[in-house]
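Each remark here refers to the structure printed beneath this line.
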Amino acid sequence: VLSSADKANIKATWDKIGGHGGEYGAEALERTFLCFPTTKTYFPHFDLSHGSAQVKAHGKKVADALAVAAAHLDDLPAALSALSDLHAYKLRVDPVNFKLLSHCLLVTLAAHHPAEFTPAVHASLDKFLSSVSTVLTSKYR
């Protein structure tokens, strides 16, 4: 459960990300593909090279979905329902991959905002990404 302090940290972080969401999303995807090569299996039709337009576009989708989630912290299941359906029923993404991408997102955010990435912010973002992952995998059951 996200506390009021967590929610404040999440909203403040998303405000700081601003127009860099797509860039950070793409960087996090690239990190995921490099560190966890099995994640590439879901993107056989993508050019996965550094700076690929397809990775950038998907990174923007990830960032946009997280921005929606950050704006609806009190009702993540409703905010992410369509995305949950897509990943569970059509794409059939292995749930572990959400955790891997979440880790790479945290690394990316820490790399770009080291001063703001305090232990409290880290914990709040980790809880947020875990909550998002839980919602995205909730329809697998």
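Cβ coordinates are placed from backbone N, Cα and C, and glycine is handled just like the others.
Record features (Swiss-Prot):
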type	residues	note
DOMAIN	1-141	domain 'Globin'
MOD_RES	K7	N6-succinyllysine
MOD_RES	K11	N6-succinyllysine
MOD_RES	K16	N6-succinyllysine
MOD_RES	K16	N6-acetyllysine
MOD_RES	K40	N6-succinyllysine
MOD_RES	S49	phosphoserine
BINDING	H58	O2 binding site
BINDING	H87	heme b binding site
MOD_RES	S102	phosphoserine
MOD_RES	S124	phosphoserine
MOD_RES	S131	phosphoserine
MOD_RES	T134	phosphothreonine
MOD_RES	T137	phosphothreonine
MOD_RES	S138	phosphoserine
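Distribution of Swiss-Prot features across the structure.
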residue: K7; record: N6-succinyllysine; DSSP class: helix
residue: S49; record: phosphoserine; DSSP class: coil
residue: H58; record: O2 binding site; DSSP class: helix
residue: H87; record: heme b binding site; DSSP class: helix
residue: S102; record: phosphoserine; DSSP class: helix
residue: S124; record: phosphoserine; DSSP class: helix
residue: S131; record: phosphoserine; DSSP class: helix
residue: S138; record: phosphoserine; DSSP class: helix
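The DSSP secondary structure for K40 (N6-succinyllysine) is helix. The modified residues in question are S49, S102, S124, S131, S138, and the one with the fewest Cβ neighbours inside 10 Å is S49. Comparing Cα positions, S138 (phosphoserine) lies closest to H87 out of the recorded positions K7, K16, H87, S124. Look at K16 (N6-succinyllysine): DSSP puts it in a helix. Note on proximity: among H58, S102, S124, T137, the recorded positions of the record, the Cα nearest K7 (N6-succinyllysine) is that of S124. Using CA atoms as reference points, the recorded positions K40, S49, H58, S102, T137 were checked against K16 (N6-succinyllysine), and the closest is S102.
Here H87 (heme b binding site) is positioned 15 angstrom away from S131 (phosphoserine), judged by their C-alpha atoms.
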